[in-house]
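Remarks on the structure that follows.
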2 protein chains.
Amino acid sequence: MRLSILGCYSATPRALNNTTSQVLEISNHMFLIDCGEGTQVELRRHKIKFNRIKHIFISHLHGDHFFGLVGLISTFRLLTREADLHIYGPKGIKEIVTLQMKLADSWTNYNLFFHELTSHASELIFEDNKVEVHTIPLNHRIYTNGFLFKEKKRERKLNIEAVKRANIDVAYYRKLKQGYDVKNEDGILIKNDSVTFPGKKPKSYAFCSDTMFKEDIVPIIKNTDVLYHESTFLEQHAHLAERTKHATAIQAAEIAKQAQVKTLILGHYSTRYDSINYFKKEAEQIFKNVLLAEDGKTFDL
Amino acid sequence: MRLSILGCYSATPRALNNTTSQVLEISNHMFLIDCGEGTQVELRRHKIKFNRIKHIFISHLHGDHFFGLVGLISTFRLLTREADLHIYGPKGIKEIVTLQMKLADSWTNYNLFFHELTSHASELIFEDNKVEVHTIPLNHRIYTNGFLFKEKKRERKLNIEAVKRANIDVAYYRKLKQGYDVKNEDGILIKNDSVTFPGKKPKSYAFCSDTMFKEDIVPIIKNTDVLYHESTFLEQHAHLAERTKHATAIQAAEIAKQAQVKTLILGHYSTRYDSINYFKKEAEQIFKNVLLAEDGKTFDL
C-alpha cells in the first residue's frame, strides 16, 4: 500500500502549497482521492500514469477538493484515453462537469460514470475481488464523506513441500488457498494450517477530510492501519476549528487513539503557521505514531 | 502598457507549460485576459496584487482558457476582497460559476458582475474616461471573442511658460488640454498648438486566441500597436490548424501584415515542438516585428 500526497494544504493553492489530492495504490488499483486545482500537473510531476487512474473519489464540493477535476477529465480526453472512468462524489458533481462539457461542446471519448452520493450513513460504494471502498460520513459545513479503503482477506499461501508430502491432488490447491481442510489421495483429512502459510494481512486506509471532531466515525474506522485525518488548526485556534467545522491536531489524534489505528497521518494544514511540525508535536501528546503529510511525499505503508 | 504572460501554451497544463492567461496593464487598469487552470498561482508568482484585478475577459469556454476562473473567484472571497469584479465572457459562464458556488454553499462577499457575450459583431463592452474594450469576433470550434484594448486620445500637455507668456487665465487650462483655442485676458484668440504639446500617443492591444485565419478581423484591429495572435501550429501541421480551427505562425503574421500592426506577439503553442523559435522564424517570412510569448515573460510595450 502506497500513498502519494499531491497536495495537503487547505483553502487556496499557492506556489508552494497544493490543495488536497492524493493517490492511494492498493491491490493494484490507483485510487485518486480529491482533486484540487493543479492536480493534473502534480500527477505528471509524480510520473503517475494517467491511464491507471480509473476511480476518483471526491469528499465534498469545496473548491480546494475538486477544482482540478474538470481539467483532469478534459486532459484524459485530449490524451485519447479509452479506459472507463468512475467518479464518486456528492450529488451535483455530475451537473458541474457535464455543464462545462456541454458549453465547450467537447465530450469524453471514454466512458465516464458518475456515482453521486447522498447517504448520511456509511455505505459500500466500490467492490471487486480484492478491495472494497466505504464512505465515512463526516461533519463539515456542507455534505462531506471520507473514504475507507479495505483490502479483502488475502488467500493463504501453499507450503508446496508439505502439500506434496501430504499427497494432495492439485485440484484441491484452490480450496487450500481459501482456507479449507481437504482430503488427500488416500482419503485422509488434511488440516489446512499443516500445509499452508497465512496470507498477507489485508491493509486498510481511511481518508477523513474535511471534518470537525466527530466520534461517530470511530466504529467505522476501528483498527484501520492508516488514518489520514485533517488537522487544519493548532490548539490555539480551536475556536476557528469549531466555527469553520474543521479539526485540530489534538482532535485528529483523539480520533486515532479511540479508533486504535496503527498510524495517523495529519494534513489539510492552514498556511498561517510557519512550520507544520507543531501539528506533530501537539498530536503526539495524545497518540504516538504520527506522520506529517507534505506535498510531494510518498508513504510506503 | 505592460503585458505579463502567465501562460501561453495550448491544450493542457504541464509542469513547465501553463495554459492561456495574461495580464494587461493599461491606463492604470489591470485586465486579466483568460484564466487557465493554475492562473491564481501564476498571479502570485508574478506578485500581482489580486485586488487590482477588477475586470476579467474570457475568450471562450474551452478549459485551457477558463478552468482557473472559479478558483480565482473563490480565492478572492477567502482573501476577503471588497472590490467589485466584472467577468466578460460567453453566455454560460455565469451558470458555470454560480452552480459551483451554490453547491459549495459559498457566495462572494464582494459584488460579482457577469457580462455575458453573444454577439457575432464587434461590440464595445467596457469604457471609462481612459480606455475602451471591444470584442473581436473570432472563428473557432465554439463561440469565441478576442479583445481590443484601446486607450482614448490623451490630453495635450500645457507648455506652462508659453501659457503664462500668452496671459491666459487658469480657468481655460482644462480647455487647452482638450485641444481648444482660447481667448487670453486681453481678448486675443490664442492658437492651441502655440501653447500646448501633443499628449502621449494612445496605445492599443489586440488579443486574438483561439481562432483560425480570419481576415474579417483586419478592419477591427487595423493599426493596433500590439497584436497577440495565436499560432498553435507550424506550417507542417497546417492541416491540423484547419481541422481544429487554429492558426499557424504564418497565418498570424499574415493578419499582422494586413492590419499593419507595429508588433506581433505569438502564443498558444502546441507542446509538440522542441523549440518555439520555429514559430518566430516562420512568421518572420511574412512580417518583420515578431515577438514570442513565453510563460513568465513581461513585455513593456
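Just so you know, glycine gets a Cβ as well, placed from its N, Cα and C.
Together with B:Asp64, B:His65, B:His268, the Zn(2+) 2 site in TrEMBL holds one more listed residue from B:Asp128, B:Asp193, B:Asp210, B:Asp216, which is B:Asp210. When the candidates B:His134, B:His140 are compared with the Zn(2+) 1 site entry in TrEMBL, which names B:His60, B:His62, B:Asp210, the shared residue is B:His140. Of B:His62, B:His65, B:His140, listed as binding-site residues, those near chain A by the criterion of a Cβ under 8 Å from one of its Cβ atoms are B:His62. Annotation note: B:Asp64 (active site, proton acceptor) sits in a helical segment as assigned by DSSP. For B:His140 (Zn(2+) 1 binding site), the same-chain residues 6+ apart in sequence whose C-beta sits under 8 angstroms from its C-beta are B:His60, B:Asp210, B:Thr211, B:Met212, B:Lys245, B:His246. For the recorded Zn(2+) 1 site, residues B:His60, B:His62, B:His140, B:Asp210 set the reference point as the centre of their Cβ atoms, and the other residues of that chain within 8 Å of it by Cβ are B:Ser59, B:Leu61, B:His65, B:Leu138, B:Arg141, B:Ile142, B:Thr144, B:Ser209, B:Thr211, B:Lys245. Each residue contributes its Cα atom, and for B:His62 (Zn(2+) 1 binding site) and B:His268 (Zn(2+) 2 binding site) these two points are 13 Å apart. The Cβ of B:Asp210 (Zn(2+) 1 binding site) has 26 other Cβ atoms within 10 Å, all protein chains considered. Counting every protein chain shown, 25 other Cβ atoms lie within 10 Å of the Cβ of B:His62 (Zn(2+) 1 binding site). Rounded to a whole number, the distance between the Cα atoms of B:His268 (Zn(2+) 2 binding site) and B:Asp64 (active site, proton acceptor) is 10 Å. The Cβ of B:His268 (Zn(2+) 2 binding site) has B:Cys8, B:Tyr9, B:Ser10, B:Thr20, B:Ser209, B:Asp210, B:Glu230, B:Ser231, B:Thr232, B:His246 as same-chain neighbours under 8 Å, each 6 or more residues away in sequence.
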